[in-house]
Amino acid sequence: MTAPHPLLTLTDEVADALRDGAPVVALESTIISHGMPYPQNVAMATEVEGIIRAAGAVPATIAVLEGRPRIGLTADDLELLASDEDVAKVSVRDLPFVVARRSHGATTVAATMRLAALAGIRVFVTGGLGGVHRGAQQSFDESADLTELGSTDVAVISAGVKSILDIGLTLERLETLGVPVLAYGSDEFPSFYSRSSGHAAPMRVDSAAEVAAVMAAKWDLGIAGGVVVANPIPEADEIPADEIGGIIEQALADMAARGIHGNEATPYLLGRIVEITGGASLTANIALVRANARLGASIAREYAGLR
């Protein structure tokens with residue numbers, strides 16, 4: 001394996017697993033600090049780590065604490081991220097600033113991918129991907145998740161693109177960036193809260209072994225960049241697309257009226273949707289992260305077996 005970058009701090013559990021070639025699954029921390037309310041966020045983070053361990057892999061939640069990129073966190077670290085309102089939301093552009101200032105930062109999908117790759121981790125589980133925002137033709141608002149997927153060798157397991165975004169344009173950008181987009185067990189690309197999006201899946205896989213084979217083939221060919229694995233939310237937990245669509249439109253209108261934009265947009269929208277749905281969207285969010293954690297652990301095991 002490639003030695004982790006010297007500026008990273010790994011827990012003993014993660015370091016031992018990477019040294020031994022055991023399966024490791026990276027987890028982001030923005031979902032803890034900015035994606036869910038306290039205390040559900042810390043409970044979810046702890047539960048997801050437990051799911052990954054029970055499935056035979058080692059979880060590595062990633063964040064920046066006191067300016068040090070951390071690969072794997074303690075229970076106290078998770079509590080800090082979940083409850084401290086001063087924790088910054090950190091994408092790739094922000095990493096140098098937060099590290100230099102020795103601040104705390106919760107990593108987005110993009111920053112988590114970059115730090116996972118520096119640690120030698122190839123599988124990463126999250127809730128939903130960032131992408132092209134609605135109205136991007138005027139705002140040019142696109143998530144750095146996309147450019148990171150185009151350049152960083154990590155497979156990202158999610159429930160699809162966050163449904164507050166323009167899913168069709170996001171799929172177009174992923175195609176342009178040369179990123180394989182695999183829908184797990186479905187011919188349709190999922191849309192986070194819903195199993196359907198109205199967009200056909202670019203590619204379909206039906207097992208963790210298939211995903212691992214695609215990962216190995218891509219990187220063995222020397223093709224840089226990530227792999228998107230879109231795992232539809234369990235049917236019993238989904239909010240139907242036609243139902244969530246109107247709720248998202250209301251949340252978008254509320255955001256526009258408040259003049260919220262940039263990296264504050266997604267946290268506001270997710271929080272507003274929780275309010276409008278009376279908590280149903282939060283329940284769905286937790287359910288899909290659980291499902292993604294199980295699948296991610298299986299993929300990590302299969303990929304470790306190929307190495």
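Our numbering is plain: 1 for the first residue shown, then up by one each step along the chain.
Cβ coordinates come from backbone N, Cα and C, glycine included.
Under DSSP, Glu28 (active site, proton donor) is assigned to coil, being neither helix nor strand in the three-state scheme. When other Cβ atoms within 10 Å of the Cβ of Glu28 (active site, proton donor) are tallied across all protein chains shown, the result is 27. The active site, proton donor annotation in Swiss-Prot covers Glu28.
Taking a C-beta cut-off of under 8 Å and a sequence gap of six or more, Ala144 (substrate binding site) has these contacts in its own chain: Ser91, Val92, Arg93, Thr108, Ala110, Gly130. Under the heading substrate binding site, Swiss-Prot lists Lys89, Val109, Ser143, Ala144, Asp145.
Under the three-state DSSP scheme, Asp141 (Mn(2+) binding site) falls in the coil class. Annotation source Swiss-Prot lists Mn(2+) binding site at Asp141.
Residues annotated as active site, nucleophile in Swiss-Prot, with sequence analysis given as evidence: Lys162. Neighbour list (Lys162 (active site, nucleophile), Cβ cut-off 8 Å, at least 6 residues apart, same chain): Gly127, Gly128, Leu129, Gly130, Gly131, Phe192, Thr266, Leu270. Reduced to three states, the DSSP call for Lys162 (active site, nucleophile) is coil.
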To the nearest Å, how far is the Cα of Glu28 (active site, proton donor) from the Cα of Ser143 (substrate binding site)? 15
Just checking a number: largest C-alpha distance across Lys89, Val109, Ser143, Ala144, Asp145 for the substrate site, rounded to a whole Å. 14
Select the most exposed residue of Asp141, Asp145, where exposure means the fewest other Cβ atoms within 10 Å, treating these as the binding-site residues. Asp141
Taking the centre of the Cβ atoms of Lys89, Val109, Ser143, Ala144, Asp145 as the substrate site, the remaining residues of that chain with Cβ inside 8 Å are Ser91, Thr108, Ala110, Ala111, Gly130, Glu148
